[in-house]
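Participant: One structure coming up, written as structure tokens, with questions to follow.
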Amino acid sequence: MERKMYKSTVFPICCLLFALFDRGNALYGSSSPVLQLTPSNFKSKVLNSNGVVLVEFFAPWCGHCQSLTPTWEKVASTLKGIATVAAIDADAHKSVSQDYGVRGFPTIKVFVPGKPPIDYQGARDAKSISQFAIKQIKALLKDRLDGKTSGTKNGGGSSEKKKSEPSASVELNSSNFDELVTESKELWIVEFFAPWCGHCKKLAPEWKKAANNLKGKVKLGHVNCDAEQSIKSRFKVQGFPTILVFGSDKSSPVPYEGARSASAIESFALEQLESNAGPAEVTELTGPDVMEDKCGSAAICFVSFLPDILDSKAEGRNKYLEMLLSVADKFKKDPYGFVWVAAGKQPDLEKRVGVGGYGYPAMVALNAKKGAYAPLKSGFEVKHLKDFVKEAAKGGKGNLPIDGTMEIVKTEAWDGKDGEVVDADEFSLEDLMGNDDEASTESKDDL
């Protein structure tokens, strides 16, 4: 009897679990009036739309998102034929949510042709949302009647570029925090926020602006403390937003207590970068691993080609390296790499950037990502080198294309000593020039 009762309860429980699971993974079914978006149709349905589009960025596990579902479907039915009401699973399609700086759920954005997306911050009832949409539609109609927009694309032209610009702030979680932050040698500034926090929402555009302006110089990241309770507890975060600075001592981050504006955050970050920066480095290019480490992530890599050790001796080479260290120290706050290589040690690199023969010392500014370089055209002196770095930072001017892929070979590092001159006794002129007598005899025999 007990076995029969047990069997009879298995099916309904399984069905219930399946229903709950299915509901959690798809808030909007195929019969829903809400348009379901994915990365593959986002551009055609939203960005290329000629009308107003309301987009909900949701996560299936989010309780507030589940509560909003019937309201959002009512909005879709109300605005049918007037505006498009859509939704995208931002948890499954993180690339799209990151592009638009979505950090909490649900987030509602209104896309109007010719303008950047608008964050909806009003009440989450059907009437309020619909009224907000109608307001945007009226404004769009007025602009079109006044000839201010062509209405060909949703956010076209320069505004589309601005709208789609992703945030440089890195989304951090329990799976990547240690690898990216605590185990890194780089300076990190991290915002700990909660999606429901009003101050966090106010900070969001300033944080994005600061992150984008500091890209390539200082790493900025953010942690959703509602989703990452373990990280929140680990760093004793008690209020939102909390901004911590992870400098040289990653185990003891320092709180940021300055103004919550992009300019203030940027100024503070650059000050921290200077105080946390280690000594300048100019590394010998002894193989592809050095190239990747020093130049792979650098905005610009400055490669110096120094004379053969037999020509400059150790004293001369050290003077060149002192000059390069002086230049590297001047720009150590910038995302540049500085490497050097002895004449003839990297023949393929020399060939591709037009260095070689008797043109040592030489320097080129290398942008491997763009496949371009610019050569130093003035004298190899500290002042000229510093001016060259400044000019290269402006980009474009004097750049030349690099044909093909550079082959960097593995070489032995310089031992810091003078080069050894090969004794004349170790070879004969006959070995180099051939034996004239033998050549003469062979000629006579041929005759």
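In case you wondered, yes, glycine gets a Cβ from its N, Cα and C as well.
Grabbed the feature section from Swiss-Prot, which reads as follows:
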{"type": "ACT_SITE", "residues": "Cys62", "note": "active site, nucleophile"}
{"type": "ACT_SITE", "residues": "Cys65", "note": "active site, nucleophile"}
{"type": "ACT_SITE", "residues": "Cys197", "note": "active site, nucleophile"}
{"type": "ACT_SITE", "residues": "Cys200", "note": "active site, nucleophile"}
{"type": "DISULFID", "residues": "Cys62-Cys65", "note": "disulfide bond"}
{"type": "DISULFID", "residues": "Cys197-Cys200", "note": "disulfide bond"}
{"type": "DOMAIN", "residues": "161-275", "note": "domain 'Thioredoxin 2'"}
{"type": "REGION", "residues": "146-170", "note": "region 'Disordered'"}
{"type": "SITE", "residues": "Gly63", "note": "site 'Contributes to redox potential value'"}
{"type": "SITE", "residues": "His64", "note": "site 'Contributes to redox potential value'"}
{"type": "SITE", "residues": "Gly198", "note": "site 'Contributes to redox potential value'"}
{"type": "SITE", "residues": "His199", "note": "site 'Contributes to redox potential value'"}
{"type": "SITE", "residues": "Arg260", "note": "site 'Lowers pKa of C-terminal Cys of second active site'"}
Participant: Would you list the DSSP helix, strand and coil counts for the residues of the domain 'Thioredoxin 2' (161-275)?
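Facilitator: Breakdown, helix to coil: 46 helix, 22 strand, 47 coil.
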Participant: Most Cβ neighbours within 10 Å: which of the recorded sites His64, His199, Arg260 is it?
Facilitator: Arg260
Participant: To the nearest whole angstrom, what is the C-alpha distance linking Cys65 (active site, nucleophile) and Cys197 (active site, nucleophile)?
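Facilitator: Cys65 (active site, nucleophile) and Cys197 (active site, nucleophile) have their Cα atoms 16 Å apart.
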Participant: Just counting, how many other CB atoms are there within 10 A of the CB of Cys65 (active site, nucleophile)?
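Facilitator: Counting Cβ neighbours of Cys65 (active site, nucleophile) within 10 Å gives 22.
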Participant: Measuring CA to CA, name the entry from the recorded positions Cys62, Gly63, His64, Arg260 that ends up nearest Gly198 (site 'Contributes to redox potential value').
Facilitator: Arg260
Participant: Give me the Cα-Cα distance between Gly63 (site 'Contributes to redox potential value') and His199 (site 'Contributes to redox potential value'), rounded to a whole Å.
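Facilitator: That separation, Cα to Cα, works out to 21 Å.
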Participant: When you rank Cys62, His64, Arg260 by Cα distance to Cys200 (active site, nucleophile), which of the recorded positions ends up on top as the closest?
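Facilitator: Ranked by Cα distance from Cys200 (active site, nucleophile), first place goes to Arg260.
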Participant: For each of Cys62, Cys197, Cys200, count the other CB atoms within 10 A of its CB; which of these active-site residues has the top count?
Facilitator: Cys200
Participant: Whole-number Å only: compute the distance from the Cα of Arg260 (site 'Lowers pKa of C-terminal Cys of second active site') to the Cα of Cys197 (active site, nucleophile).
Facilitator: 15
Participant: Distance between His64 (site 'Contributes to redox potential value') and His199 (site 'Contributes to redox potential value') at the Cα atoms, whole Å?
Facilitator: 19
Participant: State the three-class DSSP label for Cys62 (active site, nucleophile), counting H, G and I as helix, E and B as strand, and everything else as coil.
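Facilitator: In three-state terms, Cys62 (active site, nucleophile) counts as coil.
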Participant: C-alpha of Cys62 (active site, nucleophile) to C-alpha of His199 (site 'Contributes to redox potential value'): distance in Å?
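Facilitator: Roughly 21 Å, rounded to the nearest whole number.
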